[in-house]
């Protein structure tokens, strides 16, 4: 238990207390901290080249792992044959502990078990052109156990338009070897190996998943057959990017089990009644619509009266309706339903039977569609990619851009393949489309590589984890609408011996010149911003004499950013995002003309982003994390008639919107309807789902640590004006404000850190014990309403007070977080002994907690229509005058120049928020089991308004199982991948197809 408490506190204090930064890859241990890290975690990236010259290994092998279980381990012989990891279905094994500071976002999306499988997986990526580099980047950031890079070719100038790893200095080097060092910087815990000679199918047995990006169909069939028949099967993925066309093929074996098809939490409902019928009718409370569908399996719990349903047996849903459903069961002879109960969906695994590539080519089945306006496109592209393979096999080269002869040759191959088809033969072949396909066949374009790198990376995660429905089995995509509207002259497509030759072969030299001279404004340099910067640098945007790219972001780099914002490294922590990102983008393309700013784009900075600035722009790219900023940029683009690229992410989902003046609607033209908000009394006194607890916790945090300190400062800056404003208001709100300010400066004023600990410990007692005792005293468990019905009936849940214990790491965690934050608001230094769990627990144990005596005259609001818990009084004006006098007395006791430090709920609010929401959940006994997540502890190094809620089995909040889901109570929008708000529900696409 002591060790558990130490882990909890050290995780939190890692961010909350001053800490020396690691420099140059070496870990720096703060003064007074024990060095309990493994030796491997303190080493710099290690690069060792094999004696054969064909294999290279980098990265640290975890000291707790079996020495023969890692590719490229410490064995002196680094050849592939001597480094065979154990063969594990779905990456099962004993991976090292998850670095939750780094991978918190992934834990929120994937869950702990999925991450463990992912961290035990070994992946091969063959073909290190632009697409292979993108896939490798994504998987290394995700944190697989090992990635082996295979490529027999050398870097060409042609590669530089799509591969962010290579520079002009790498031309002539082996692609795999040239990729190692920069990829290793992304995540030093991933073992990265290279292979530079021809692959054999036997070597594939070392991996859970293999990805090929540049392979002939003949060789792919050979490798896929081996993987398909291997025991256990090896997941095989073949993907190509050819100009503006791309393809993916997946084969995860003859019987692949998907454990979680959609990654969503099981749907639930709170039961209002169950009939004794055949079939039984189950009605649920009407505050939330049920999401059950006919055929779903559900389990019941906490049902009183009809206890036969609490046996944990899955039961089938029939006749599902918004607030009720029928149960495929005869309950006639069951006990009569009394009250309570939760019904929870049981998610069923799904078995997929993949066909090997040889069979799937002849009978592809249904293609995954991404654009229903191109419904007939996939069958044609299925032919086109086969025809291109035949062209290369016969002629030994790619088609030449603009060559009519090569186009006709490929079209002929496509027609022959179509004529010989027995399944799905096409009646007509679009020759114009095949011309476009032929001309760009050699080019790997960066935007296409980036898109397919994301798709394939996600498919590898699915293959290794069994989470999310995989792509089954072919996916084709094209973007021919990106071509210039005017016909391209073949001479305009010829290479000019530049790094943009691949791009020129598709779009022409004229468009390339326009891109180079563009003036672009990127707002935000987080996860999306880093990707956009990489893309524009590789495409040559703003790289001409007239071009300029301006990027702005007022945030700084934190550790949690490193798992997805790939332009940042651990030695950049604490530095400005925009500056570091701009420098990294310039290293990708030295010709990039970029300027980094740290200004927030808002009305307050219109002296920086003035009319002249906006008028000179060619396009604006949003990479923002909140709706208000998006709306502001949208309005500026609308006013100045500038194109806007808008996008957002939410876990594995994303949305994009292209705003073109006079052609499309702007971002702010439509809004999602507001979500239903829980009544105030429900949130504060009668929560029945975890969202209520999160909303309450957020409200309490802001009141205690942001709004009240801000009110104190408003008074101290101008006491006379503040007092006058309160008197003029003369209402219950003004009275409440004054009472909170006086309480903060008098009764709850902190002068030492021990005072902060006392305040935090008493807050715990107030929140999770005293308020519950008062509530249950006012409304006992057998209380009835005015019409005789039970007061504690669905959806209300009878609460139980918590008993504080310093041996409980979660409870001590709350007190520690609250005391540190309280100290910050008062400007009190945090002593070094806080780092010691024993000393901190001892300080907490010294706090004297007075006994609680319930009051008889306390009024608890139960009216769901009430908008405020404050009650107006005819004596408010008199009370306000009296309070102002008290406040003036408090001011005289303050030191000169005293001010408080309000804390905004962003990063530092998470610790107190996650625990307050969690412990509130345990107060309300087993609060809605439906809301259980694969929870994870976290630190303050989060950049979002995520929050945690406890898992509530057996009335116990377990720190290792905290929720990463938060719905902002003040906004109808949801949170995006960077932890802020996703702008739109419409237009969302998913990878869990």
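Each Cβ is built from the backbone N, Cα and C atoms, and glycine gets one as well.
Automated prediction, rather than curation, is the source of TrEMBL annotations.
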Matching range for TrEMBL feature annotation, region 'Disordered', among 32-89, 90-147: 32-89
The domain 'Ubiquitin-activating enzyme E1 FCCH' (277-347): DSSP-derived helix, strand, coil residue counts: 5 helix, 25 strand, 41 coil
Overall pLDDT for the domain 'Ubiquitin-activating enzyme E1 four-helix bundle' (348-418), taken as the rounded mean: 94
Packing count at residue 681 (active site, glycyl thioester intermediate) (other Cβ atoms within 10 Å of its Cβ): 16
Structural state census, the domain 'Ubiquitin-activating enzyme E1 four-helix bundle' (348-418) (DSSP three-state): 43 helix, 4 strand, 24 coil
